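Copied from TrEMBL, the annotated features are:
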DOMAIN    15-160  domain 'Phosphoribosyltransferase'
BINDING   48, 49, 103, 104, 105, 106, 107, 108, 109, 110, 111  5-phospho-alpha-D-ribose 1-diphosphate binding site
BINDING   104  Mg(2+) binding site
BINDING   107, 150  xanthine binding site
BINDING   107, 108, 109, 110, 111, 149, 150  GMP binding site
BINDING   107, 150  guanine binding site
């Protein structure tokens, strides 16, 4: 197997434009569904992947209180036991009532299980969801198969590719 290739059968490449459209769609989906007269009082991004979508959601819904929770559950491409390495301001977040937790993706749900232990009443919204983790998410935009690896724009680089011209040079 090629060393530069990830061990997944399928790949789903997400551009910055696509992520922006999908994060705006997520904001549209949850708009007006907050417990405080339809409003949300805060957004908590799961770092690092949730930061870009959380910023877009917070902007679209005019939410000014934004914080992060940092959960380490990946070491390169291999999953390990998730653990919180940075908490949001829990005095402000409380049990999570009126709080949107935003992430780019729910895969197996292990990260969200840890987050929900600390913010059990928060609304969890992800841009993308895989079947194993989908039951832990309250709102999402796109479901992808469990064996699909999502290539996010922050993981990719644009580079020149030599055109194939049918010659052996």
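Including glycine, each Cβ sits where the backbone N, Cα and C put it.
Automated prediction, rather than curation, is the source of TrEMBL annotations.
What TrEMBL annotates, mapped onto the structure for a quick look.
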residue : record                                              : contacts (Cβ under 8 Å, 6+ apart)
48      : 5-phospho-alpha-D-ribose 1-diphosphate binding site : 70, 154
103     : 5-phospho-alpha-D-ribose 1-diphosphate binding site : 45, 46, 49, 50, 53, 111, 112, 124, 125, 126, 127
104     : Mg(2+) binding site                                 : 19, 49, 50, 52, 53, 126, 127, 128, 150, 152
105     : 5-phospho-alpha-D-ribose 1-diphosphate binding site : 49, 126, 127, 128, 129, 130, 150
109     : 5-phospho-alpha-D-ribose 1-diphosphate binding site : 132, 133, 134, 135, 136
> If you count Cβ atoms within 10 Å of the Cβ of residue 107 (5-phospho-alpha-D-ribose 1-diphosphate binding site), leaving out that atom itself, what do you get?
Replying inline: 23
>> Restricting to the domain 'Phosphoribosyltransferase' (15-160), what is the model's mean pLDDT?
In response: 94
>> With helix taken as DSSP H, G or I, strand as E or B and everything else coil, how many residues of the domain 'Phosphoribosyltransferase' (15-160) land in each class?
In response: 44 helix, 53 strand, 49 coil
> Hey, what's the Cβ neighbour count for residue 150 (xanthine binding site) at 10 Å?
Replying inline: 20
> On the Cα atoms of 107, 108, 109, 110, 111, 149, 150, which are listed as binding GMP, what is the maximum pairwise distance in Å?
Replying inline: 17
>> Quick check on the binding-site residues 108, 111: which one has the highest count of other Cβ atoms within 10 Å of its Cβ?
In response: 111
>> Let me make sure I understand the span of the 5-phospho-alpha-D-ribose 1-diphosphate site: among 48, 49, 103, 104, 105, 106, 107, 108, 109, 110, 111, what is the greatest distance between any two Cα atoms, in Å?
In response: 17
> Can you count the other CB atoms that lie within 10 A of the CB of residue 110 (GMP binding site)?
Replying inline: 18
>> If I take the alpha carbons of residue 107 (5-phospho-alpha-D-ribose 1-diphosphate binding site) and residue 149 (GMP binding site), what is the distance between them in whole Å?
In response: 10
> When you measure from the Cβ of residue 149 (GMP binding site), how many other Cβ atoms are you left with inside 10 Å?
Replying inline: 16
